[in-house]
Amino acid sequence: MGAKTSKLSKDDLTCLKQSTYFDRREIQQWHKGFLRDCPSGQLAREDFVKIYKQFFPFGSPEDFANHLFTVFDKDNNGFIHFEEFITVLSTTSRGTLEEKLSWAFELYDLNHDGYITFDEMLTIVASVYKMMGSMVTLNEDEATPEMRVKKIFKLMDKNEDGYITLDEFREGSKVDPSIIGALNLYDGLI
């Protein structure tokens, strides 16, 4: 699929239909919109960040958008192609809870080693706080990114080894309604 700018082939449509929660018509509509916004058939990092700035004018979304871009860009070529875009959109908007949790874990696992360290989570949480700016009033026990991450680690890092595995992340997320709520927020952030 890559940087094609024409209609999707039947094979491409079939493949995307099998690997996403969208039907053929929806895939074609998303593809048409993607090409309208990205005539080259790909979305560069700087353009992705610009789009995020439009959605969060009262905050600074650059850091979060850059982290998010990395999760989208599966082939690490510096661009988001339609297949990458529609796959993430499918997972975040229509995926199962388990799929959404795996996707969120991938966002936090910055070095892709299968674990989330305190610093990795702090990086993402701080970027979310910066992005939201003055739009959100925080609880006193989550007034800073550090406080939020300490609270999350206390909940999730059951064996207190300093990092969170995918299983710990899944289990901890299921008992904290705010995390499930945040996963549903991603529906609107992407």
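Backbone N, Cα and C define each Cβ position, glycine as well.
What you see is a predicted model, and the numbers here were worked out from it, not measured in a lab.
Per Swiss-Prot, the features are:
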- Asp73, Asp75, Asn77, Phe79, Glu84: Ca(2+) 1 binding site (BINDING)
- Asp109, Asn111, Asp113, Tyr115, Glu120: Ca(2+) 2 binding site (BINDING)
- Asp157, Asn159, Asp161, Tyr163, Glu168: Ca(2+) 3 binding site (BINDING)
- 24-59: domain 'EF-hand 1' (DOMAIN)
- 60-95: domain 'EF-hand 2' (DOMAIN)
- 96-131: domain 'EF-hand 3' (DOMAIN)
- 144-179: domain 'EF-hand 4' (DOMAIN)
- Gly2: N-myristoyl glycine (LIPID)
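Location within the structure of each feature annotated in Swiss-Prot.
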{"residue": "Phe79", "record": "Ca(2+) 1 binding site", "Cβ neighbours (10 Å)": "21"}
{"residue": "Glu84", "record": "Ca(2+) 1 binding site", "Cβ neighbours (10 Å)": "19"}
{"residue": "Asp109", "record": "Ca(2+) 2 binding site", "Cβ neighbours (10 Å)": "22"}
{"residue": "Asp113", "record": "Ca(2+) 2 binding site", "Cβ neighbours (10 Å)": "10"}
{"residue": "Tyr115", "record": "Ca(2+) 2 binding site", "Cβ neighbours (10 Å)": "18"}
{"residue": "Glu120", "record": "Ca(2+) 2 binding site", "Cβ neighbours (10 Å)": "20"}
{"residue": "Asp157", "record": "Ca(2+) 3 binding site", "Cβ neighbours (10 Å)": "18"}
{"residue": "Asn159", "record": "Ca(2+) 3 binding site", "Cβ neighbours (10 Å)": "9"}
{"residue": "Asp161", "record": "Ca(2+) 3 binding site", "Cβ neighbours (10 Å)": "10"}
{"residue": "Glu168", "record": "Ca(2+) 3 binding site", "Cβ neighbours (10 Å)": "20"}
Between Asn77, Asn111, which of the binding-site residues has its C-beta surrounded by the fewest other C-beta atoms within 10 Å?
Asn111
Identify all same-chain residues not among Asp73, Asp75, Asn77, Phe79, Glu84 whose C-beta atom falls within 8 angstroms of the centroid of the Ca(2+) 1 site's C-beta atoms; report them in sequence order.
Gln42, Phe72, Lys74, Asn76, Gly78, Ile80, His81
As a test of the contact definition, list every same-chain residue at least 6 positions from Asp75 (Ca(2+) 1 binding site) whose Cβ is closer than 8 Å to its Cβ.
His81, Glu84
Alpha-carbon spacing, Tyr163 (Ca(2+) 3 binding site) to Phe79 (Ca(2+) 1 binding site), which is rounded to whole Å:
30
Is it possible to get the count of other C-beta atoms within 10 angstroms of the C-beta of Tyr163 (Ca(2+) 3 binding site)?
19
Under 8 Å by Cβ from Asp73 (Ca(2+) 1 binding site), counting only residues of that chain that are 6 or more apart:
Arg45, Phe79, Ile80, Glu84
Reported mean pLDDT - the domain 'EF-hand 3' (96-131):
95
Under DSSP, is Glu168 (Ca(2+) 3 binding site) helix, strand or coil?
helix
Determine which residues of this chain, when Asp157, Asn159, Asp161, Tyr163, Glu168 are set aside, have a Cβ within 8 Å of the centroid of the Ca(2+) 3 site's Cβ atoms, and list them as they appear in the sequence.
Met156, Lys158, Glu160, Gly162, Ile164, Thr165
Which whole-number value in Å describes the distance between the Cα atoms of Glu168 (Ca(2+) 3 binding site) and Tyr115 (Ca(2+) 2 binding site)?
10
